[in-house]
Amino acid sequence: MVEGPSLLASLDFISQDEMLTPLGRLDKYAASENIFNRQMVARSLLDTLREVCDDEGDCVAVLERIGRLADDSEPTVRAELMEQVPHIALFCQENRPSIPYAFSKYLLPIVVRYLADQNNQVRKTSQAALLALLEQELMERLDVETKVCPVLIELTAPDSNDDVKTEAVAIMCKMAPMVGKDITERLILPRFCEMCCDCRMFHVRKVCAANFGDICSVVGQQATEEMLLPRFFQLCSDNVWGVRKACAECFMAVSCATCQEIRRTKLSALFINLISDPSRWVRQAAFQSLGPFISTFANPSSSGQCFKDEGKSSEDLAAEDKNRLTDHDAAEEEQPGREDAPAHSSASLERALEDCAPETCGNSAGDISVPEDSSSLCTLSSESHQEAASDENKKPANCKSALWSEGGSSSPDCTPLDQELFNSFHFWRTPLPAIDLDRELQLDSGDTLSPERTGDAPGVPEPASPNITMATRKELEEMIENLEPHMDDPDVKAQVEVLSAALRASSLDAREEASGVEHRTELQDDLGVSELPDCSLDQDARGPLVSAIEESMDATPHCVRGAADVTTSDSFSPDEERRSKVQDVVPQALLDQYLSMTDPSRAQTVDTEIAKHCAYSLPGVALTLGRQNWHCLRETYETLASDMQWKVRRTLAFSIHELAVILGDQLTAADLVPIFNGFLKDLDEVRIGVLKHLHDFLKLLHIDKRREYLYQLQEFLVTDNSRNWRFRAELAEQLILLLELYSPRDVYDYLRPIALNLCADKVSSVRWISYKLVSEMVKKLHTATPPTFGVDLINELVENFGRCPKWSGRQAFVFVCQTVIEDDCLPMDQFALHLMPHLLTLANDRVPNVRVLLAKTLRQTLLEKEYFLASASCHQEAVEQTIMALQMDRDSDVKYFASTHPSSTKVSEDAMSTASSTY
């Protein structure tokens with residue numbers, strides 16, 4: 001009896017709510033002191049609007065109550081209200097005629113006001129609501145300019161709250177792509193530039209750096225280069241490593257918004273500084289962005305987009321190279337008064353050396369020796385070589401000088417003092433002025449140059465004056481002082497050691513230089529060489545000295561070693577020696593740093609997964625360099641392909657087909673096919689990458705090479721884990737695509753056994769795909785001439801599946817027949833002749849699942865064909881008799897599917913309906 005009044009009271013309360021109008025209920029609970037009631041009001045606002053949407057006055061009344069609810073003192077109520085604002089705004093947009101200007105007048109002011117709310121949760125929900133409204137285009141452009149942007153600019157004022165300022169900057173950056181270039185450039189960009197220089201809060205600078213790329217992509221190239229790049233340079237040198245790390249992460253987006261010249265001259269040097277940053281986290285982010293940054297140098301006209309290499313002949317290319325070299329030398333002649341070294345490009349230098357006669361220029365492009373002193377004939381000690389190799393990514397120093405190989409050991413004139421002075425500086429030093437030895441020797445002897453000799457070496461500057469050495473010495477001292485605070489970094493330590501060696505070597509006097517010239521003259525006379533090539537190294541005159549040092553350090557070490565090393569280097573062919581890692585598409589320093597990502601020391605000092613990042617971006621780098629520069633990446637690719645981490649090899653396996661398109665058929669056959677073969681025998685985690693793009697790769701190969709893989713397809717049926725059924729399912733998908741690449745004979749001999757094996761797989765998902773594979777195989781073999789392969793395949797299907805002792809095999813036969821009918825793989829007369837008689841015999845099968853599927857196939861698929869609707873043949877009569885027999889079947893499901901005509905006619909849906917019995 002106690003519960004009676006309580007129950008009546010609650011029922012009375014419910015009846016009172018039902019008697020209230022939607023607005024009355026809203027007012028009742030909005031005024032409640034219970035927080036949960038007010039939260040419920042915020043959640044039910046949209047439902048209330050839907051109830052009163054026919055009455056404009058009631059809609060406005062609900063919106064007005066939203067404004068009063070926004071003043072609630074409880075943060076959870078305000079946050080709940082803000083979560084509903086985007087949904088309410090969308091409803092107002094859809095019912096605009098009934099409630100015009102509802103969003104702009106009632107909702108937007110609440111969103112903007114909450115951006116500065118004291119509660120963090122309310123601010124977060126208002127920021128999310130604002131971005132959702134912009135993304136769904138529910139906000140007018142005028143409202144953005146007059147109501148949103150002014151508030152954000154005010155929130156980023158110097159006297160604003162720190163947390164609010166940081167969040168406001170983030171919102172400005174995120175909304176820039178949504179509001180477009182005009183509003184961003186007029187209203188957001190000036191304040192964004194100010195925030196990049198916020199000296200008090202590094203959080204603000206970090207947010208600016210993280211979103212720098214998005215702003216650049218919105219405002220375009222001109223605004224980026226004029227206003228944003230100076231700020232970006234400041235952020236990249238920020239004293240907080242988190243800011244510099246954010247800059248490294250968005251470097252690619254910034255590069256995409258600049259012109260090629262700025263990208264090459266300014267951004268490249270800036271990126272090298274980030275790669276050499278004292279912070280490991282900055283270096284890690286920089287190396288992850290290195291490949292994407294290099295890809296921004298891509299030029300579609302020179303990247304080799306088409307697969308077949310039908311370009312110009314090697315003679316034409318050599319002629320073009322010679323013309324470019326002549327034009328470059330002519331430009332050098334116009335500047336005879338320059339005191340510094342001519343800025344030869346590395347590519348031009350390589351072409352110049354290749355154009356030299358073999359007996360005159362025995363060095364490859366990678367074997368450049370500067371004929372400034374006797375360092376061209378020196379021996380690099382094992383200690384200095386090992387130090388250089390470990391500090392600079394362990395590049396192989398297998399190059400040798402042609403003069404040394406012909407002349408044997410060093411000249412007896414070379415004193416022990418000279419040997420002690422020979423160190424790594426002679427091979428890693430900054431570029432020195434080029435000197436024509438013949439001209440110098442003839443001037444010393446009082447002779448004049450002949451016209452022929454003048455034509456042979458155009459534009460050669462005079463020997464450098466001593467003041468250049470003094471200037472270089474002073475710059476070296478300054479560089480050493482600047483780098484000493486960062487000696488804990490291995491890269492910086494290597495630079496300091498090189499600079500110190502340069503400083504010691506710069507103290508050599510003119511007597512040692514003269515003795516070096518005299519030594520080379522004797523050696524030249526002994527060898528009978530009339531000319532020496534005019535060799536000069538690349539130097540960017542606009543960059544600081546440290547940039548030149550870094551570029552020189554990143555180059556492959558060019559050294560001359562003992563007699564044993566000379567013998568070893570003879571095993572390399574001249575073509576391999578000429579192939580250096582020098583190109584002119586991207587700055588060489590960037591490429592050298594990218595190639596160093598496979599160095600094991602990088603995994604210890606930078607990132608344990610640095611090799612994976614290198615592998616991930618390698619196709620983009622290869623596309624940028626073009627197939628003509630593949631030799632720069634070949635060794636790196638082979639190193640990655642043999643990496644101990646399977647994740648690295650897996651990454652390469654997933655992209656090898658893309659790389660094949662970039663390289664063309666010849667390079668693919670020579671360099672990628674062996675690696676592809678290795679992946680085929682790798683772990684399943686690596687093999688799946690090859691398998692997913694098996695068709696894409698094999699279609700690029702020559703027909704003879706492609707046929708070699710027919711013998712290996714069977715190996716994909718064997719996996720490390722037998723439960724890895726997705727591997728077999730992917731194999732079936734790829735075999736469907738491979739049918740077009742092989743002849744009917746090859747399909748029948750090699751692909752048919754695999755397909756029939758997959759049709760009997762333990763997993764139904766594999767079988768469903770295999771039914772499609774077998775039907776496509778039937779279609780290909782039947783259309784071949786002669787069609788004997790198709791008939792043999794059909795007979796094998798009947799024998800192995802239609803008469804299979806297991807019911808799952810007989811059911812598979814029905815599935816195959818259904819797929820053949822749906823996809824028109826056989827003409828209906830041929831189907832009626834070869835497959836239908838065996839199909840109809842299954843009407844008496846003892847397993848109901850087989851009869852159910854047969855009823856579906858006959859009723860929903862076979863009788864839909866025009867052949868059975870128009871012709872009164874014996875085949876049609878047989879089908880109708882079978883259906884009548886199935887309609888009287890003892891199983892209710894068989895009766896149902898034989899009597900009705902459901903809408904589902906897809907094999908996959910039929911298979912799903914019997915999934916429990918076919919797994």
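Cβ coordinates come from backbone N, Cα and C, glycine included.
These figures come from a predicted structure and were not determined experimentally.
According to TrEMBL, the feature region 'Disordered' maps to residues 327-349, out of the candidate ranges 327-349, 557-579. Mean model confidence for the repeat 'HEAT' (107-145) is a pLDDT of 91. Here the repeat 'HEAT' (148-187) has Cβ contacts under 8 Å with residues 108, 112, 115-116, 120, 123, 127, 130-131, 134-135, 139, 141, 194-195, 201, 203-204, 207-208, 210-211, 214-215, 217-220, 223 of the same chain, all six or more residues outside its ends. Note on the repeat 'HEAT' (107-145): residues 63, 66-67, 70, 75-76, 78-79, 81-83, 85-86, 88-90, 92-93, 151-152, 155, 161, 163-164, 167-168, 170-171, 174-175, 178-179, 183, 187 of its chain, located 6 or more positions outside it, place their CB under 8 angstroms from a CB of the stretch. For the repeat 'HEAT' (148-187), the DSSP-based tally of helix, strand and coil residues reads 33 helix, 0 strand, 7 coil. When the repeat 'HEAT' (107-145) is classified with DSSP, helix, strand and coil residues number 29 helix, 0 strand, 10 coil.
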